[in-house]
Amino acid sequence: MKSNQIRQAFLDYFASKGHQIVSSSSLVPAGDPTLLFTNAGMNQFKDVFLGFDKRPYTRATSSQKCVRAGGKHNDLENVGYTARHHTFFEMLGNFSFGDYFKRDAIHYAWELLTQVFKLPADKLTVTVYAEDDEAYDIWTREIGVPAERVIRIGDNKGARYASDNFWMMGDTGPCGPCTEIFYDHGEHIPGGPPGSPDEDGDRFIEIWNNVFMQFNRDEQGVMHPLPKPSVDTGMGLERIAAVLQGVHSNYEIDLFQNLIKAAARVTNTTDLDSPSLKVLADHIRACSFLIADGVIPGNEGRGYVLRRIIRRAIRHGYKLGARQAFFHLMVSALVNEMGDAYPELKSGEERITSILRQEEDRFFETIEHGMAILEAELEEMAKTGNHVFNGETAFKLHDTFGFPLDLTADVCRERGVSVDSAAFDAAMARQKEQARAAGKFKMAANLEYTGNATTFHGYDTLEAQGKVLALYKDGSAVPALNEGELGVVVLDNTPFYAESGGQVGDQGILKGAEGIFQVEDTQKIQASVFGHHGVLSTGTLRVGDEVSARVDLLSRHRTMRHHSATHLMHKALRAVLGSHVQQKGSLVDPDKTRFDFSHNAPVTADEIRRIEDIVNAEILANTPTLARVMPIDEAQKTGAMMLFGEKYGDEVRVLDIGTSRELCGGTHVSRTGDIGLFKIVSESGVAAGVRRIEAAAGDVALRHIQQQQQLLADAAASFKVPAIELAGKISQTLEQIKALEKELARLKSKLASSQGDELASQAVNIGGIKVLAATLEGADANTLRETMDKLKDKLKTAAIVLASVNGDKVSVAAGVTTDTTARIKAGELVNFVAAQVGGKGGGKPDMAMAGGSDPSQLPRALASVAGWVEERLK
């Protein structure tokens, strides 16, 4: 069966069982800020399962578009190198909302697999939750699966309900056991059945998961039976297609083979097994569907994930020899494959192609220069044996040449090199504000505008009617913007806050009679003229059009919480650290507040706790916020805090929030209680006498605390102790490690001595010099040196090469006794060997070290040492 036939057969089967066929939801989750992208079939039914949404049906089936790239679920780096990792995939599913339950779900699954898809029953193995006797009995007694092929899977050690066969929506809420169906590819494939030590092999592949939501977990962890149990199932189309088409890799199915051939055509590649072609076949699906669902390449959020995927695809095309835009040429092939099932691909083909072409043209301007720098750096590293790529250089590639970090890491990984991501993050943090100023703000400031000012209504409302006063594209005024075009819109009235005072600009939409403009940022073109930056997602927008301007409520509210929390934190910092504390810079956005301030020492843990206590006490007090506009001299008399060096007008806005009083034009909560919660996330130094605090407020703070609690719980579970005993257990373990390392060093020294005695007998006499070349299994550099010294003492007049292999790395040591260095140099000898194993080294005349990356050539290299010495002695 072809992939399209499999998809349709699945939907038709469940339609015949009374299920409503529901179209795939968008890859951009509607109303769920916890998700970056739709990544499961149940996402669109989440509120139905939770009881918040009622549908006219109780049975549903769908083929859901899913993306896993960025955030918690991120398969990007594995795509192209494994048989089953994808950024985009389709999830086939059937769902019961309080209708049928385990018996029908299991019978449906078995009937579809064995009677419709005609899979041999003896090729299927199933798992159930260890305590789910009901599912076990259905499989063994009703379906007739032999007991040895129905495997009970229990909890992970130390964690109740933490099992591959127990599903939970979150820490609380609907949950329940699941049963998974696996296909056995046969004994010729390595791997064991699920639950066995070899379960990670490729022999048994999960093809279908049936989740039985039968409990509601409360905050104390108690399970309460649901009055109407439900069913949520998921089967990857690509996986079942591989099984039905008799291939082992998803990339061998018809759908991918056609896309791989298309990728080969547009890159003029003849090797159809190239991993890079698989990358292109995968990435064209993710990119095209994301653009079809309204995601535009950008520098933040979903837009940046899309840009990363596009640029990773371009890099793989470049690796195949492409030197000009090619990726967009694959869109038509994708539409041919999937356009009937997903009409949005057909209707959006021209727009998708255009946006991809724009991104390609932009990146091809810099990729060659960037790759040259990257390759040169890697070549230098190979010479020195360094295996960690400089994070500052990685940031330069990102900042100057548009190389996402994972693209650089992808190239490095192919050479056995990792990237110093901590140094990259530090460089990013230092330059982020400068990049913002050099990018969006500079672009706004350079626009020429001579019309009327913008009236801001955003203190009182998040929606307003406005008239388009001006439009800009590529920095120039235009009469209209068309679908897919980036631009700037100026309105006479707006609820959108323009970036100022450290607070980022608002996002949202401008809806006209003929078009919708997605506002990605709002910047001031002039003091009282606001530019709405973004893209026209549909239709046309013209100068003079009336629009409905609507700010993204969730984003604005989060920003307001962070801004108000910043004022309270500033006041608390002065109370705890002293009146010398002055603001040196700030950034307030939906995800955090970042606050730079004058202070000469790191803020201690106790001081951080006291600052948090003060702010959270103000939040609990739930006092109203008061904003007043008054003459600046009157504001000074009230004691309002003013920022040193800031320019103020004759009239200023004074904000009272809690015990804080500052001049501020930003947007804020109505009462301190609206902030919800405050938590300091990090504290660091950014310059002499300047410290930086990053903090979170509201739901962002809550998520941070939950993540920290989960990390603590995971660590405690790993050590098999309650969380309260974790610190003591770690200290105990560190002491044990220290003792074991000491014992290991002693044993290595002893081993070196014994190996030296054994190896000495293998030396051959060449021209009066004893020559030895041998491998020491598992030896590190110190062990090689110690063994070398003992051999030199024992052999007296000698030239020695010792090597070891650890993973894909080769370590080589060359030693020459003092009486021989006039004729043979250790550095020359070690480089002779290292060159054959893909490395280079150096050292003193009597001792030198080297590294290599090709262990397969080591035996030949060692065998050639005697001949090299003989040639040197002639």
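The backbone N, Cα and C atoms fix where each Cβ goes, and this holds for glycine too.
Model, not experiment: these values are computed from the prediction.
Taken from Swiss-Prot, the feature Zn(2+) binding site applies to H563, H567, C664, H668, supported by sequence analysis. Under the three-state DSSP scheme, H668 (Zn(2+) binding site) falls in the coil class.
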Number of Cβ atoms other than its own within 10 Å, given for H567 (Zn(2+) binding site):
26
Other than its own, how many Cβ atoms are within 10 Å of the Cβ belonging to H563 (Zn(2+) binding site)?
27
Zn(2+) site shell beyond H563, H567, C664, H668, criterion: Cβ within 8 Å of Cβ centroid:
M560, S564, T566, L655, I657, E662, G666, T667
Does C664 (Zn(2+) binding site) have same-chain partners at least 6 apart in sequence with Cβ under 8 Å from its own Cβ, and which are they?
G501, H563, H567, R653, V654, L655
